[in-house]
Amino acid sequence: MKLVFAGGGTGGHLYPALAIAQSWKESHPNDEILFVGTPRGIENTVVPKYGFPLYLLPVEGIPRKVSWETLKKLFLVPKSLINAFIFLKKEKPDIVVGTGGYASFPVVFAATVLKIPTVIHEQNAYPGIANKILAARVDAVCLTFGEAKKRMKAKNLYETGLPVRREFFTNAANRNELRKKMGVGKDELLLVAFGGSQGALTINKVVGYLLPEIMLRPNLRLVWATGPRNYENLKQKYKNLPERVQMVPYIDNMPEVLPAADLAITRAGAATLAEIAASKVPAVLIPYPYAAENHQEHNARAFVSHGAAVLLRDAECSEDRVKATILPLLDSPEKLVKMAENAGKVLRRDSLKEITGIMEALLKPKSNKKT
């Protein structure tokens, strides 16, 4: 069998695809897996590390507000569709799986026209425009949140939860060994701050407010992912940081970092929250305020209601509010332990099994024809 995974641009779309692909490869080692992405997406550096071939499509995100930039990028859509048809006709995959992102739409759409079995996964409670269009055409729609059913017109909707790479679960179960490997002492706290694959200005501002306090606490370690665009400026601004404060552009080995943390400060994208839950890490969640339908705040509230996180709105991140929210958590290890336990209960742990089962069911008719 040959499988094509289309998804990327950001980690939120790419990592669920990688989780499914890894799981499939474990149970079907002889099957061929290809990824389709975009020239500027995070997949260019991440996918090769997992050993999967990557095909690039010339397509970019289209801004929701009408402008000359919107029209310019719309001209790329027909080209990307043509390239998607050419690619699929050449590779002849048995199934196409889309997890959102710029490359997902043209590849999945072309696959539906070519009558190739198709599955899409929608990460958020408020589906994106591309997946709303595709939902009526594909063979199966997998959803993280059941309430997304109200916003999608499709025959075969499945509430599967969000797939997470197995390393998160494995490393969470071996947390003490992971902390030793990172050099985190028994009496030390590890704070991890990140804002997605591109970073987040607000997260960086929040960490800046906390740095003087971190300097005064020798038992507090920090891994701070600034985002590639902000790294050089912040590196110049905060010179001579102690060794226990590690500033990096991006955490590309997140399964080896996040499960070791005592507290995370991050946005509230669905994929990030699934990884936090799999890692059993409490969090301070600062939802991206411009997400469609404010879906990140909705995601965050699910964690808050389970006692696994604290919510800070972007507009509320003044220095006083940040310190009043986060410092008491760092002073309450017992509370962090309880929040960590609650975080581990939020996530469905059978997502990969259910999604791969749906894929296998779609492929059965093809298997029968070949035998």
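For all residues, glycine too, the Cβ spot is worked out from N, Cα and C.
Here Swiss-Prot flags Thr10, Gly11, Gly12, Asn124, Arg165, Ser197, Ile251, Gln296 as UDP-N-acetyl-alpha-D-glucosamine binding site. Neighbours of Ile251 (UDP-N-acetyl-alpha-D-glucosamine binding site), defined as other CB atoms within 10 A of its CB across all chains, total 19. Classification of Ile251 (UDP-N-acetyl-alpha-D-glucosamine binding site) by DSSP places it in coil, neither helical nor stranded.
When other Cβ atoms within 10 Å of the Cβ of Thr10 (UDP-N-acetyl-alpha-D-glucosamine binding site) are tallied across all protein chains shown, the result is 20.
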